[in-house]
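> Shown below is the structure under consideration.
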Amino acid sequence: MAPLAATRHALRVPSQLRLRLFSTSSLRAAQEVKRLGVVGAGQMGLGIALVAALRAQVPVTLVDSSQKSLDKGVAFAEKLLAKDVSKSRITQEQADAARALLTPATSLDGLADADFVIEAVPEIPALKFDIFSKLAQICPQHAILATNTSSISITRIAASTTQDPTDTTNSSRVVSTHFMNPVPIQKGVEIISGLQTSQETLDAAVAFCKRMGKIPSVSADSPGFLANRILMPYINEAVICLDTGVGDRDSIDAIMKNGTNVPMGPLQLADFIGLDTCLAIMKVLHEETGDSKYRPGILLRNMVDAGWLGKKSGKGFYDY
Ligand SMILES: NC(=O)c1ccc[n+]([C@@H]2O[C@H](COP(=O)([O-])OP(=O)(O)OC[C@H]3O[C@@H](n4cnc5c(N)ncnc54)[C@H](O)[C@@H]3O)[C@@H](O)[C@H]2O)c1
């Protein structure tokens, strides 16, 4: 991995210019990803692993600390592949080939031969810091270490890979590939660099996401980045409207669905994202900016406390 080239100004480089800066060595690095590692086989990790196997046709080691989550994730991948075959979106051979590329594992040690790792564990800072400090030790020196975090600072995650902040050997290869949910359907992915991220790492992340068939947007390492900085206050406001009786659930979702041409209203979308994830992101926006406009709604907190996390727990604003 190339050393960090002075202070990064890349965050402020317009995306058109960034494409021109795209180096052939980064393209080669993305092409040369011979094994992807994905940490966390939940809804995001599973989707990332599946799309990488199907579109980039790269072998994937899918790691989850819970055997139950791993089994559930692999079964869900098989279900999604079978659905794609039944709808003639892919052939049975393509489905079989993608399934054969997925290798489940329960330990991070399984990532010792990964060229590119994408972490998708729950949005808990200490958990991510711990995983990145381990990945920096376990993965090969050339491996790119990406996080799917929705809101945690990439600079802080990168800092967790080293005891010596002046040594950027590991921190320069940390980047964010923030996929949108559901990964098999949404084309967008935000690529975010921390202060330490090298240009080569950033370019390789953009190139690998393109190899997965995605359309990358580059954003600065700022609370919520672009997508959640805009989306989460919108969802939070919808929850506050519900809580304070401005409108009922169906009216809130219907007006946004039918008024702004989105496929689902904000409360249904919150259920799909997971209310715990929505709350965690609002907390980060609130705490890191100190701006009261990001205060999480009381009902959002209460629903998470009740364990009503949306689709994944069977109950949220809707029943599943
Ligand atoms: N849900 C969304 O819409 C969405 C969208 C974009 C980004 N994200 C981000 O993606 C990440 C994952 O979110 P998700 O919705 O897939 O969560 P999830 O709860 O569905 O899945 C997380 C998985 O990580 C596993 N895990 C927990 N600790 C682990 C460890 N130490 N090692 C390995 N695996 C571990 C869990 O068993 C679980 O299977 C979060 O950072 C979230 O903010 C979520």
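Cβ atoms here come from the backbone N, Cα and C positions, even for glycine.
Annotations in TrEMBL come from automatic prediction, not curation.
Quick paste of what TrEMBL says about this protein:
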BINDING   Gly40, Ala41, Gly42, Gln43, Met44, Gly45, Asp64, Glu123, Lys128, Ser150, Asn181, Lys312  NAD(+) binding site
DOMAIN    36-219  domain '3-hydroxyacyl-CoA dehydrogenase NAD binding'
DOMAIN    224-320  domain '3-hydroxyacyl-CoA dehydrogenase C-terminal'
SITE      His178  site 'Important for catalytic activity'
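Show me how these features fit into the structure around them.
Within its own chain, Asp64 (NAD(+) binding site) has Val39, Gly40, Ala41, Gly42, Gly45, Leu70, Gly73, Pro104, Thr106 as residues 6 or more apart in sequence whose C-beta sits under 8 angstroms from its own. Asp64 (NAD(+) binding site) carries neither a helix nor a strand DSSP state and counts as coil.
Note on the domain '3-hydroxyacyl-CoA dehydrogenase NAD binding' (36-219): mean pLDDT across this stretch is 97.
Around His178 (site 'Important for catalytic activity'), the C-beta neighbours below 8 angstroms that are at least 6 residues distant in the chain are Asn148, Thr149, Ser150, Val189, Glu190, Ile191, Ile192, Phe225, Ala227. Secondary structure at His178 (site 'Important for catalytic activity'), as computed by DSSP, is strand.
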> Does DSSP put Lys128 (NAD(+) binding site) in a helix, in a strand, or in coil?
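The residue in question, Lys128 (NAD(+) binding site), is helix (DSSP, three-state).
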> Should we count any of the binding-site residues Gly40, Gly42, Met44, Asp64, Lys128, Asn181 as near ligand 1, judged by a CB under 6 A from one of its atoms, and which?
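What lies within reach of ligand 1, judged by Cβ under 6 Å, is Gly40, Gly42, Met44, Asp64, Asn181.
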> On the DSSP side of things, how many residues of the domain '3-hydroxyacyl-CoA dehydrogenase C-terminal' (224-320) fall into helix, strand and coil, could you say?
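Split into helix, strand and coil, the domain '3-hydroxyacyl-CoA dehydrogenase C-terminal' (224-320) gives 67 helix, 3 strand, 27 coil.
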> Please report the number of other Cβ atoms within 10 Å of the Cβ of Gly40 (NAD(+) binding site).
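By my count, 27.
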